[in-house]
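Chemist: OK, TrEMBL features for this one:
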TRANSMEM  12-35  transmembrane segment
TRANSMEM  41-62  transmembrane segment
TRANSMEM  83-102  transmembrane segment
TRANSMEM  108-128  transmembrane segment
TRANSMEM  135-152  transmembrane segment
TRANSMEM  158-176  transmembrane segment
DOMAIN    357-496  domain 'GGDEF'
DOMAIN    505-761  domain 'EAL'
Ligand SMILES: Nc1nc2c(ncn2[C@@H]2O[C@H](COP(=O)(O)O[C@H]3[C@@H](O)[C@H](n4cnc5c(=O)[nH]c(N)nc54)O[C@@H]3COP(=O)(O)O)[C@@H](O)[C@H]2O)c(=O)[nH]1
């Protein structure tokens, strides 16, 4: 059943109580009136039937009233038919009075019957007028019998009354039709209203849910800038728990007035927008918001205030700031990074070009920082970098920029130096020296004392057309590289010639790689003679490069390049393995039985490799040679550069059986007290002291002292660079254990060394033999 028909059914049932009452009292009244004039049995039967019908109808009415709409809806047609049935039975009962209860003679009571039928039908038709078919059926059932009865009577008066009743009946039917259409309209209007109300409620519900669940804060405000409504998100945005302080709030009194223009804009029929920081009056929070406003206009185009949407962008903004911070600043030191300093250099190029002053870029690289990371771990390494950044900042002016551009690399941009290049270079150099002083020294971190130094490259520039920041940085880098090459711990001012030496380095590096791949290196061996027995007891492995074009190249010509490029590690590994192979071969062939030990030079780079000891152990084990056959020659600087790790490594090597000699002793740090801390077995006195031995009192004193202290510490002493008998006899007198030098032999290829040793003659004899032809020649 359609909703409209269902509503009509509801209306019809709403009339039942009235119908029942009218019907009941009408039956009662009719019976009282007619009791003496009609057949009492017929009247009793009529009354009984009427009462039974009324009771049933009442019962069904109660059933209907107690049913829910959901229960009634599926049976609505049945209930309509029930209603129709009872109405028609009612009509039939009153119609039947014209047949059963019409007094034959009392004309007055006959008219009472007619009046009852007319009155009740008129009432009934009014009530049931909502159903046209029912009206017609009811009118027929109630009027037809009385009209027929009256018309059947002979008296023309009755016939006239029959016409009148018929006319009234027709009139009533049409009145009921009109009344019915009024009721229909009323039901339809109510139905339409209900529909509209429910649609409105739905829309309102949707709007409320939209407002409450909108991801942006929303509030309405009237034309006098007072808040009239708001959603939950707005409370969240402003960290509030209650709407109360906001409803009716005058936005004109906000502490932060930056949003007012946008709010007013919407009241002037425009759309307002604001994005930026906002200080909340209510929660006293600093936010970053995006706000937009639109006017609220009703159907009559009248302004009803405005609506404002507020988005809290605080978190996005903070994230953006963080990203920005990370893309322009170094997270560890909080210093600008390469991008930012590059930008600033660009600016300096422009400014110095316009104002004719000089600027400088200082490229700082910490010396041997890698060892700090390797020995103390990255946490301490990070702390050192942080402290360095702080020391740098302290030294500089606020207009200068300090940036961290790599692991242990810092860039400093000095602005507004002198307009004279020489003066500017001097200023930059003074600042650089100040920075070196600031960095040089001990860093105390977590109970560790870490010594540090730095090398600085300086590039002084004045902006020119087309000058690029990268080129400026590169020059400072080249100068820094030069500072590293020339001893570290100092500053170098960029010079064009540095580029050539760098180019040379790259070229040499390339050639050295080829030399390794093409096996162009060879080991020569120089004898070390036991002074007491005058026997070749040991040899030192010394590298040579058989260059395909340049011939034999001595190590001093390429080792420094190998050191700088880092290739020394690979070359050193080759030397170690080659020496061990040679030892193995000598062991197997017995070709050099007399050789008790082979010493190998190890560069600080190689020695400072974290896995150096393990590497050597593995090599010795895999070639199955006695570790005692090897002696490693380390310079003092290799140990001082990495004092903590070096001592442990030397201990581990000595414990394994490999001996460690301190090479070039007397040069460099030359700290005799330092010897106590180094668990080495041998010290080699530097050649420079031996050469000077005869002519320089100081050298004699130094050699004397070194030997005395070494002896007191039970160390073996080797003197290198011995070229004369005099030097040898002086060393013998001072108690030196071994000597090495041209007096015995220079470094020889393996075959020649083997040949020398296989003569099994004392070196003195060999020397004498060598001299004899010379003497005979001179004698001639
Ligand atoms: N890391 C490595 N360094 C190495 C290796 N091989 C050599 N070197 C180092 O190169 C420097 C020069 O070595 P070299 O040209 O071989 O010179 C050695 C001797 O020939 C020279 N010597 C020896 N006796 C005399 C002498 O009586 N007079 C004189 N003028 N020179 C002499 O001394 C060099 C050996 O020095 P040292 O190592 O200090 O014992 C040199 O520093 C080598 O260390 C290598 O494989 N790896």
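Even glycines carry a Cβ here, placed using N, Cα and C.
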Chemist: Do at least three C-beta pairs under 8 angstroms join the transmembrane segment (12-35) to the transmembrane segment (158-176), pairs 6 or more apart in sequence?
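Modeler: Contact criterion not met.
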Chemist: Six or more residues beyond either end and a Cβ under 8 Å away: which residues meet both conditions relative to the transmembrane segment (135-152)?
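Modeler: Sequence-distant neighbours of the transmembrane segment (135-152): 84, 87-88, 90-92, 94-99, 102, 113-114, 117, 120-121, 124-125, 128-129, 158-159, 161-162, 165-166, 169, 172-173, 176-177, 180.
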Chemist: By Cβ distance under 8 Å, which residues at least 6 away from the ends of the transmembrane segment (108-128) in the same chain are close to it?
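Modeler: Distal contacts: 12, 15, 18-19, 22-23, 26, 29-30, 33-34, 37-38, 87, 90-91, 94-95, 97-98, 101-102, 134-135, 138-139, 142-143, 146, 150, 161, 165, 168-169, 172-173, 175-176, 179.
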Chemist: Tell me, what is the mean pLDDT of the domain 'EAL' (505-761)?
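Modeler: Summarising the domain 'EAL' (505-761) by its mean pLDDT gives 90.
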Chemist: Would you mind listing the long-range same-chain contacts of the transmembrane segment (41-62), meaning Cβ under 8 Å and 6+ residues beyond its ends?
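Modeler: The answer is 13, 16-17, 20, 23-24, 27, 31, 34-35, 82, 86, 89-90, 93, 96-97, 100-101.
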